[in-house]
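Remarks on the structure that follows.
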Amino acid sequence: MTGTSNIPTHGKEHKDAPALLPLPAPNPHHTHAAHPGNPSHDRPPSRGKLFIKTHGCQMNEYDSAKMADVLTTTEALELTDNPEEADIILINTCSIREKAQEKVFSQLGRWRALKTSGRDVIIGVGGCVASQEGEAIVKRAPYVDLVFGPQTLHRLPDMIRARREQNRPQVDIRFPEIEKFDHLPTPRAEGPSAFVSIMEGCSKYCSFCVVPYTRGEEVSRPFEDVLTEIAHLATQGVREINLLGQNVNAYRGAMDPGPSNNTNPAPPPYADLGLLIRAIAQFESIGRIRFTTSHPLEFSDSLVEAYRDVPQLANHLHLPVQSGSDRILSAMKRGYTALEFKSKIRKLRAVRPDISISSDFIIGFPGESDTDFQKTMQLIEDIGFDQSFSFIYSRRPGTPASNLEDHTPDEIKRTRLEHLQKHINTYAADISKRMIGTVQTVLVEGPSKKNPNELTGKTENMRPVNFPGHPRLIGQFIDVHITEALSNSLRGRVHTN
């Protein structure tokens, strides 16, 4: 196991992905929803304005986009960036940490005044806080009109109508399996990169985590449904697919058995993530595939083989380890040891030696000793993690870990966190510096936010790159020669042979 990641370079060779399955054609009965703000002869006149505030993970970003799709399509609402002019205000919440949850009620308090402005403003709370708190939100903030969970966002039009007709708050936080995907409008692209949710929930029940209680057990979307959504996105110019799930590599998508005989045996009853990735790679226009977030327990040999065989699979893996101490990992109920985690990384680097590995770390879990923390630091040195996320443990009510005694002073936790972040940032900065002079494949996403005269995109290892270039390059994969490494991004120039 090496202590530092190798640098991804242009032109790596992988075996061609085998042709496996015919791709489904887009459902002709679906209608394409126009992008809000773009003129469309099929869209009725706006019946009001919609504001959505999103907290939390990429799954929440995806769900917020689906809320917008539902309400702009079925209710003819127009998206706005200004809550003060909105007729419907939604906040999509996160409950992973206590601080994030309290932000929700602070935000709701600021919006309360809009209810007394003389307009019939509807305020809704969605996401994981909604699932966890339910009707308690309305009791604490009686001016809230809607409370809905991640699995019931497709019911927003009905909830809005019921609120107006019955003049009382509506709460729906059930877990109706995967039903919501059957009621969502056709996906629409908002750039060359798109998120696609392939599963919901988590069944691992880590002792510190609320996700199984707020998003339910693991439920996978059918294999063909996922490919149909990607087919729609591909026709709209999407070049990069980001597969989403709370435990995305636990994906088990049901497959249509179809006819079988001696020459054409029946496919397996379900597709795992490795098989799904191979199928997505058959779309000629999809040049890059990513997935997040993963659990080490589900990091299978099938997925390692996909990294070996599928060049479109990005040369980056985010695999949350949380701790390097076996004692703490056991208390977290993670189901693996530090050695088993390193073994999985060793297998992956055997087929992708230059892959970038990022992770998540929880510092100050109840009972964490100096020895436990030093084992985490040793794991960081052994793996050579790239850019990663790290947080001080946040006690969440209802989780098993919330009952554990914790005698570690907050100051020690903060010192440990700073020490860990300093080391990971040093590794990440070293990787960025060693990318100078290399040629990286970049998907051009659009104009740079800091300089609209430049373009921006991301490398395979998730580093933003800013460079001069013509707008016609947007949406294309191009080679960029890296010339400078900054603290949070790279600079470069278009590479010409």
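Glycine residues also receive a Cβ, built from the backbone N, Cα and C atoms like all the rest.
According to Swiss-Prot, the protein carries these features:
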type	residues	note
BINDING	Cys57, Cys94, Cys128	[4Fe-4S] cluster 1 binding site
BINDING	Cys202, Cys206, Cys209	[4Fe-4S] cluster 2 binding site
DOMAIN	48-165	domain 'MTTase N-terminal'
DOMAIN	188-430	domain 'Radical SAM core'
DOMAIN	433-496	domain 'TRAM'
REGION	1-50	region 'Disordered'
Model confidence over the domain 'Radical SAM core' (188-430) (mean pLDDT, whole number): 94
Separation of alpha carbons, Cys202 ([4Fe-4S] cluster 2 binding site) and Cys57 ([4Fe-4S] cluster 1 binding site) (Å): 15
Residue pair Cys94 ([4Fe-4S] cluster 1 binding site), Cys202 ([4Fe-4S] cluster 2 binding site) - Cα distance, angstrom, rounded: 15
The domain 'TRAM' (433-496): DSSP-derived helix, strand, coil residue counts: 5 helix, 33 strand, 26 coil
Cys128 ([4Fe-4S] cluster 1 binding site): secondary structure state under DSSP, collapsed to three categories: helix
Helix, strand and coil totals (DSSP H, G, I; E, B; other) for the domain 'MTTase N-terminal' (48-165): 67 helix, 23 strand, 28 coil
DSSP state at Cys209 ([4Fe-4S] cluster 2 binding site), helix/strand/coil: coil
Shell list ([4Fe-4S] cluster 2; ref centroid = CB of Cys202, Cys206, Cys209; cutoff 8 A): Lys204, Tyr205, Phe208, Val210, Val211, Pro212, Gln246, Asn247
Cα distance (Å, whole number) from Cys202 ([4Fe-4S] cluster 2 binding site) to Cys128 ([4Fe-4S] cluster 1 binding site): 13
Cys209 ([4Fe-4S] cluster 2 binding site), number of other Cβ atoms within 10 Å: 21
Residue with minimal Cβ packing [other Cβ atoms within 10 Å] among the binding-site residues Cys57, Cys94, Cys128, Cys202: Cys57
All-chain count of other Cβ atoms within 10 Å of Cys206 ([4Fe-4S] cluster 2 binding site): 21
